[in-house]
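Here the structure is laid out as structure tokens; the discussion comes afterwards.
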Amino acid sequence: LAQSLLALFASSLAISLVFAIIPLCHNVVVLAVVMAVAGLAMGCIDTISNMQLVKIYQKDSAIFLQALHFFVGFGALLSPLIADPFLSDTNCILANGTANASSNLPHIRKSLLPHHPGNLSHYDLPMKGMVVTRVSYAFWIMALINLPVPIAVFFLLYKERMVPCFNGSSHPLLSADELALETRPGDKDELSTTAQRPHTAAAGHEDLFSCCQSKNFRGVSFTYFAVHITGALVLFMTDGIVGEYSGFVYSYAVEEPLAVVHKVAGYLPSLFWGFITLGRLISIPVSYRMKPATMVFINVVGVLITFLLLLIFSSSVVFLFVGTASLGLFLSSTFPSMLAYTEDILQYKGCATTVLVTGAGIGEMVLQLLVGSIIHDRGSYSFLVCGMIFGCLAFTFYALLVFFHRMYPKPCPELDEASPEKAAVPEDTGQYQR
């Protein structure tokens, strides 16, 4: 826990610093290095937050994972709204002595269209002159908005007595065992010894790198690795669909046969992310009643049906908007539900979470590159064909995951009851079951 909180503190603080530095970068190499640091920090936050929620809440983690990813979608929806008022309506750089010439230059968002890369030679975009953009303010506002996050993480470190200089008078947060006792006040006296050792329960988790130790792989069956691989492949496909659809639905809409006007087509990515956010909000209470495996099944089948209907009604602008909303709704809870399902199979050790997060990130990167090159060579219709293929592969990998789940050896109840941690906790701990 100490390593995780320290990594979260360093990563969240690095993001605020990076966003403050980005407007000051006047060299593309420096900007690339700064953005790489931001990506590294965001990857650490993504992996650690998911892993720790699984370890802390275990069978109840599905609800908290849905809440976590709701805020991921909410941030993706909110950040463009913060940046939009600071984007210039003219060219960002005015050539020397030609301040009035900017009115004749189309805005960069309208002129640099991805589907007309060869028609830009007649645009004279000046590279030197007076800078008129105010986009720097957007980065600085985001840096300030993010600043309470490292402050909150530092407060957790303080409450857990993990800050060397301030560990005298603070009281640690409730351990998992104490949290369970809060729902059963009558049993507090029975487990008074557990309350006096708040960090002992975490010893079984070892450290952040315990999943990589070879001793943990001795004697495990092939289904252990198969569950990790198939779960990561499902997220490779579904998160890849999220990335490629949000990235290329605009380009698909403005091309023939739809030929949607640019301003209307610009609403499609916002609609997609809006319904992802809405779906994650709905999934918080739904995950309390429905098993993660069932939710993943509904998601992948819904994605398949939506892409099939988009292919059938490919000439309908109205159905493109309906299908975009439907796709966002079905993809919304796939990631947290898959994490909860896979960790449920593997007894909540947190190791699968790191594999699944990595698989999802690779899919989001690779499939965007793949679809972009295919659209360039084969035309806009291949955008939906690729989505349909990725949806079929996601369903296939999910079916394999269910198959390996049935083959995976179940934990021995006698060993669980004999373990010292289980002996200290009553069988029925209410809602906070370990």
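Placed from the backbone N, Cα and C atoms, the Cβ positions cover glycine too.
Residues or ranges marked as region 'Disordered' by TrEMBL: 414-434. According to TrEMBL, the transmembrane segment annotation covers 30-49, 61-82, 137-158, 222-242, 264-282, 294-313, 319-341, 353-375, 381-404.
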Chain residues outside the transmembrane segment (319-341) and at least six past its termini with a C-beta under 8 angstroms from it:
50, 54, 61-62, 65-66, 68-69, 73, 231, 234-235, 238-239, 241-242, 245, 249, 253, 258, 260, 268, 271-280, 282-283, 286-287, 291-293, 295-296, 298-300, 302-303, 306-307, 309-310, 313, 352-353, 356, 360, 401
For the transmembrane segment (264-282), which stretch among 30-49, 61-82, 222-242, 294-313, 353-375 has the most Cβ pairs under 8 A?
61-82
Touch test for the transmembrane segment (30-49) and the transmembrane segment (137-158), at least 3 Cβ pairs under 8 Å:
no
